[in-house]
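Peer 1: After the C-alpha cells below, expect a handful of questions from me.
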Amino acid sequence: MNSILVWFRRDLRDNDHTALGEALRRGRRVYCAFVFDREILDRLARAEDRRVEFIRESLVELDLALRARGGAMIVRHGWAGSEIPLLARELRVSAVFVNRDYEPQAKQRDAAVRAALSADGIAFESFKDQAVLDGDEVLTRAGRPYTVFTPYRKAWLKRLTEDDWQPCQSTGGCLAATPGAGGVPSLAAIGFAASDLRSLGFVPGMSGGRQLLAEFQGRMARYRQQRDYPAVKGVSYLSVHLRFGTVSIRQLVARAIAAGALNEGAEGAEGAATWLAELIWRDFYFMILDRFPHVTECAFKPAYDAIAWEQGPQAEQAFAAWTTGCTGYPLVDAAMRQINRTGYMHNRLRMLVASFLTKDLGIDWRQGEAYFACQLNDFDLSANNGGWQWAASTGCDAQPYFRIFNPVTQSERFDPGGRFIRRYLPELAGVPDKFIHAPWRMSWPEQLACGVCIGRDTPPPLVEHDQARLRALQRYAVVKRGEVP
Ligand SMILES: Cc1cc2nc3c(=O)[nH]c(=O)nc-3n(C[C@H](O)[C@H](O)[C@H](O)COP(=O)(O)OP(=O)(O)OC[C@H]3O[C@@H](n4cnc5c(N)ncnc54)[C@H](O)[C@@H]3O)c2cc1C
C-alpha cells in the first residue's frame, strides 16, 4: 500500500502496537493521528478531568517518540466520525488502520467511519490489540461464548500460544514526515483544565507505565497474598495505563508468564498465575460486552430485570450518603473517599461498596456504575459494567444473590488494623482498633474517651446490616431460580 493512516484511540504507545506494526510492514508512508473526540469529551462533567489530562500528556510523550522516528502525531479536536475521513482524504491515504474496540458506541462510530472511507475508495482495517484473545478465539465446544469465568479462564489458558504474547514489531518501517502536525493542543484549547493528576502521583504515558511495571515486578510473587489488602501496596496500579494503552497487554502477559504463571510449583508462580487470571478477567469482560451488548442497559440475565430497586427521596438520600462516604460503615466510607479524592479504588473495595449499594441499600446497580464511570481514572465500560453486575449478582458468573458481603467482617478481614480506614477517615484516628470497623458499638464513655462521638464526628450506620440483608433476600426473591438461600 502507498500511504496508511494509523488512527490511535486507546492505544497511546509506539511500541508493540498492532495497527502501527501492520501499517509499517505494509505501507510505504505511515501517518499517525488522534482525535480528541467531542462525542466523548462534550459529555464530561468536569473541566479538570484527570483522564483528559492523562491522555494529553501521554500524547505529548508519544508525539515526541514519533518525531524521533521521523513522524509525528496529527492531533485534531472535533467529531472523530467526520475528522478521520476528512484527514484520510487530505493525506490521500489508501487505508486507515485501527486497533479494535469492543464498546457498542465505538463499534458504531467505526462502522460509520468505515462506510465514509469506503465511499472514497479508502480501506478500513482493524486489528486485535486491546485483548490478548478475542471473543471468537475462546468458544465452548458448541461454538458459543462462555458466560462463566472459570471455564472461560481454563479454555483461554488452553488456547493461548506463544504467538499471543509476542510483541508486535512496530519500531521499524517508515513514518511519514508530517509538516502540518502542529503538536498536541493545550488542555485549555480543548476546553479542559489541569487536574491534580501529577500531585496524586500518576505518571502518564509509556514512561509512567514502564515505571509501574518495573515496581510491580518485584511484588508479583506476593500478589496472591497481598492483593486483597487496600492498605498494602500489593496490586500493580496499572489499570489506567491499560485503559489508555500506554502499556501493552501482551507485555504484561509475557511478564507474568516469565514469572512462572504457567508453571505450577515454580517459585513465585502462584502470584504470577493469580495476576494473569486478573488479566484474563479483562479479556472476559471485553468479550461479554462485545457479544452481549445488552449489558450496558439491562441485567446480563434478563430475569434480574424484575428486581424492584429502592426509589424516592429516602433512596436518593442513601445514594448521596454512599457517594460522599457518609454511610457510617468505615471501610465503605473510606473507599468512597478514596475514589472521590484520587479517582482510584482498590478492587476489594470496589466489590465491597458495590455490594453495599445494591444489597444493603437496595439501589440499582446502574446508579453505582454511572457514578464510578464519572469518577474512575481507569473507567472502562466492559470491566465496570462486569464488576457492577457481578457485585449485584445480575451478571454472568453471578455470585449467588444470597451471598451478601458483611461490611463489618469484610473490614475486619481486609483492613485488620484499620490502617486504610484511618488514612481516608482521619476523624476516626483516635478510635481503638477494637471498634474501628464498627465505631457505633462504642459505649458513650468509650466515645468520650477517644474523642469520637457517633452522630457528631461520624454518622451512625445508615442501615442495620442484618436487617438490610433480609430485605435484599426478599428483593431478590423475584428471581429465585433454585438458588436456595
Ligand atoms: C464494581 C467494580 C467496578 C470496576 N470498574 C473497573 C473499571 O472501570 N476499569 C477497570 O480497569 N477495572 C475495573 N474493575 C476491576 C478492578 O477493580 C480494577 O481493574 C483494579 O482494581 C485496578 O487496579 P490494578 O491495576 O492495581 O489491578 P491489578 O490487581 O494489578 O490487576 C491487573 C489488571 O487486571 C485487570 N483486572 C483486574 N481485575 C479485574 C476485573 N475484576 N475485571 C476486569 N479486569 C480486571 C485490570 O486491567 C488491572 O489493571 C472494577 C471492579 C469492580 C468490582
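Using N, Cα and C of the backbone, Cβ positions are placed for all residues, glycine too.
Curation plays no part in TrEMBL annotations; they are all automatic predictions.
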Peer 1: According to TrEMBL, TRP275, GLU278, LEU279, ILE280, TRP281, ARG282, ASP283, PHE284, TYR285, ASP378, PHE379, ASP380 bind FAD; so which of TYR223, TYR229, TYR424 is the extra one listed there?
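Peer 2: The candidate from TYR223, TYR229, TYR424 that TrEMBL ties to FAD along with TRP275, GLU278, LEU279, ILE280, TRP281, ARG282, ASP283, PHE284, TYR285, ASP378, PHE379, ASP380 is TYR223.
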Peer 1: Would you mind splitting the domain 'Photolyase/cryptochrome alpha/beta' (2-132) into helix, strand and coil residue counts from DSSP?
Peer 2: 60 helix, 31 strand, 40 coil
Peer 1: Just checking: which of GLU278, ILE280, TRP309, TRP365 have a Cα that is within 10 Å of the Cα of TRP388 (site 'Electron transfer via tryptophanyl radical'), counting only these recorded positions?
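Peer 2: Checking Cα-Cα distances against TRP388 (site 'Electron transfer via tryptophanyl radical'), the recorded positions within 10 Å turn out to be TRP365.
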Peer 1: Find, for the listed binding-site residues GLU278, ASP378, ASP380, the residue with the lowest Cβ contact count at a 10 Å cut-off, counting only other Cβ atoms.
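Peer 2: Ranked by other Cβ atoms within 10 Å, the binding-site residues GLU278, ASP378, ASP380 bottom out at GLU278.
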Peer 1: If you count Cβ atoms within 10 Å of the Cβ of PHE284 (FAD binding site), leaving out that atom itself, what do you get?
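Peer 2: That number is 28.
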Peer 1: Could you check which of the recorded positions GLU278, PHE284, ASP378, ASP380, TRP388 have their CB within less than 6 A of ligand 1?
Peer 2: GLU278, ASP378, ASP380, TRP388
Peer 1: What are the sequence-distant neighbours of ILE280 (FAD binding site), meaning same chain, six or more residues apart, C-beta distance under 8 angstroms?
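Peer 2: For ILE280 (FAD binding site), the qualifying residues are VAL132, PHE149, TYR152, ARG153, TRP156, LEU157.
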